[in-house]
Amino acid sequence: MRAERVQAFSDGVFAILLTILVLEFVVPDYQEGHLFEAILGQWPIMFAYVLTFTYMGVVWLFHHDLFASVKTTSIWLNILNLVLIFVCSLLNYATSLLSTAIATGNGTDMAAAFGIYDVNAMAISAAFMVLYFYLHRHPKLYSSPVFDGYFGWMSRSAGISVLIYALALAANFWSIQLGAALLIGGVIFHALAYAGSAHSYRRSRRKVLREARRQALKDAPGPESEPGPQSGPPA
């Protein structure tokens, strides 16, 4: 299967997931003259929406760049991509749980909701980690040797994000505020990692170009292989 078809399918799924997030917004019940106060009361929905839209947007950027560098797919790459899309689709449910729990203000419910969100985020990062590692081990699937070091770096970066969300999950049992801060920090880390991925790509590209120039100089004919002057009159 061509990589373009997989990417087009995945982009469509991400577009749907991002769009249905807004369905959480409904006109609140309010008394005449108190609409603004009623809207302010919906801040948990807005918080969960902004968090998930930002997170899912960065996830899509990573996914888009990943498949833009792939020239062909394999059965296992397609399966791993479906696993990633599956865990991403669960984030809408985790978002609804989070906004509902925050609105109730119950500490136990909020800890459970943040914990479910953390587990979902861990699963997404783990799926990315496996995807990057698989591509790193199968260079025939991507379009340039430049991506060899790039995929290795991205796999390690995804592993770090798994650790961050695991810490956020553990922190929920001690402090909901700390767990929430670590969750938000994980999303920020994703954004910074995406910016850093461009630097990693440029570094890998420079390395490949240096090796190509070194190989070209090595293969170039030396002075001893140059033909000497011809003897005798020219024909």
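Cβ coordinates are placed from backbone N, Cα and C, and glycine is handled just like the others.
The feature compositional bias 'Pro residues' is assigned by TrEMBL to 224-235. Taken from TrEMBL, the feature region 'Disordered' covers 212-235. If you look up TrEMBL, you'll see 12-31, 43-63, 75-94, 114-135, 147-168, 174-196 marked as transmembrane segment.
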Long-range environment of the transmembrane segment (114-135) - Cβ separation under 8 angstroms, sequence gap at least 6: 55, 59, 62, 66, 70, 76-77, 80-81, 83-84, 87-88, 90-91, 94-95, 97-98, 101, 141-142, 147, 151-152, 154-155, 158-159, 161-162, 165-166, 168-169, 172, 176, 179-180, 183, 186
Same-chain residue ranges lying at least 6 outside the transmembrane segment (147-168) that approach it to Cβ under 8 Å: 62, 66, 69, 114, 118-119, 121-122, 125-126, 128-129, 132-133, 135-136, 139, 179-180, 182-183, 185-186, 189-190, 193, 196-197, 200-201, 203-204, 207-208
Touch test for the transmembrane segment (174-196) and the transmembrane segment (43-63), at least 3 Cβ pairs under 8 Å: yes
Distal contacts, the transmembrane segment (43-63) - CB-CB under 8 A, six or more residues away: 10-11, 14, 17-18, 21-22, 24-25, 84, 88, 91-92, 94-96, 98-100, 102-103, 121, 124, 128, 154, 183-184, 187, 190-191, 194, 197
